[in-house]
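Undergrad: Let me begin by handing over the structure; questions about it come next.
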Amino acid sequence: MQQQEEFPRSAHPIAPDMRVESPQGVTVHRGGPGGAVALSPQPLVLDGSHGEGGGQILRTGLALSMVTGRPLRIDRIRAGRPKPGLMRQHLACVQAAAEVCGAQAEGAEPGSTALHFRPGAVRAGDYRFAISGAGSCLLVLQTVLPALLLAQAPSRVQLTGGTHNPMAPPFDFLELAFAPLVRRLGAGLDLTLRRRGFYPAGGGEVQATVTPAATGLEPFDLLDRGPCRGAWAQAVAPGLARGIARRELEALRRHLGWPGDLAAGQLRVAPARQNEGPGNALLAVLEHGGVTEVFCALGERGVSAEAVAHTLAAEVIGYRQGGGAVGPHLADQWMLPLALAVWRSGRSAAYTATQATLHTRTHAELIPRGLPVRITLTEQAGGTRIDIAPAEGPAPA
């Protein structure tokens, strides 16, 4: 039997063609492709301890505030975590969001458990963000990306910090799995890795060029991953003995039953750039007709190369055995860009995932609080189907 969960629309919808007067008396339009973001006096109020209860609620709340113009208030930020409140990584996201839309932010300080964020109009431009403490460049980029996708002109974002961090998507995931899907919406997202950065040293450099869709974001269904076209693995180990990378790749090959060796091209040791590392990441890339999936395991002191490979192999095998088009991480991170496209176009879309994690379910509850969309999760054989529809449209079958 299928089990279905529906997460309803926002209580304060903002129509795509809405024209409103902001509290400051500035009139802005939600026009056609690349139009300015409409401002609404209705605040978006979130409980930062709900669901996943971590930085995801902050980042998504900021993104929703920027694209709708609604003031944001988050209370009880990370209340259930060992160190509650805003950490440096979260403050970097707040500061980047404020710069992109000229926002006023109250409570943006270390340890704060409440944030008031009042956005202005989103501005395309050339941005530089430095994330201290080896914080993730990619989490900051994902915070501002939805707004820049709806800006009136292309933007360039240069970030320094971590590129391969625990509890954050690695650069390779955004480049190979996430960005191609964004481009299929009709927008441009080009990513360049200038230098890798690992915790705790950081020092990574990433550049992103974001080009809004010329004719508006166009949602699409992703219900099947398609035939497998290739699979390969790469070990990144700058500043470490070269034998570590080779041991990881050989152990991964055995776990996955892949033929060949380093000379065959399926197993690769990434060359180190100047001043990279020390650090270690083991990546597996599965290329299908409909989607490319990227899985990553990070090495750490005291953990053997073989243990790193075992962790990664378990993720890859879980995906191969599942029936969904995307894996658990892409299921979560694809939801907001697709919801934006559904909102702007007025057309429904759906995708399937091998599983719906707590992050995914939190997103499914959170996004309709900010956008006039309805998100339905339906458990089915091999995974979960995720339907996103305009709030005014019919319920998914």
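Every residue gets a Cβ built from N, Cα and C, even glycine.
What TrEMBL says about a protein is an automatic prediction, not a curated fact.
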Undergrad: In TrEMBL, His329, Leu330, Ala331, Asp332, Gln333 are given as binding ATP, so which of Gln104, Gln142, Gln152, Gln158 is in that site too?
TA: Gln142
Undergrad: Relative to the Cβ of Asp332 (ATP binding site), which residues of the same chain, six or more apart in sequence, are found under 8 Å away?
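TA: Residues satisfying the criterion: Gln56, Thr357, His359, Thr360, His363.
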Undergrad: Counting across all protein chains present, how many other Cβ atoms fall within 10 Å of the Cβ of Gln142 (ATP binding site)?
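TA: Around Gln142 (ATP binding site), other Cβ atoms within 10 Å: 22.
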Undergrad: Of all the recorded positions given, His329, His359, which has the fewest Cβ neighbours within 10 Å once its own Cβ is left out?
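TA: Fewest other Cβ atoms within 10 Å, among the recorded positions His329, His359, is found for His359.
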Undergrad: Quick one: which residues besides Gln142, His329, Leu330, Ala331, Asp332, Gln333 have a Cβ within 8 Å of the ATP site's Cβ centroid, in sequence order?
TA: Pro169, Phe178, Val326, Pro328, Trp334, Met335, His359, Thr360
Undergrad: Determine how many residues of the domain 'RNA 3'-terminal phosphate cyclase insert' (223-318) DSSP places in helix, in strand and in coil.
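TA: The domain 'RNA 3'-terminal phosphate cyclase insert' (223-318) comes out at 32 helix, 27 strand, 37 coil.
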Undergrad: Which residues, sitting 6 or more apart from Gln333 (ATP binding site) on the same chain, put a CB under 8 Å from its CB?
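TA: Within the chain, Gln333 (ATP binding site) has Cβ neighbours under 8 Å at Gln142, Pro169, Phe178.
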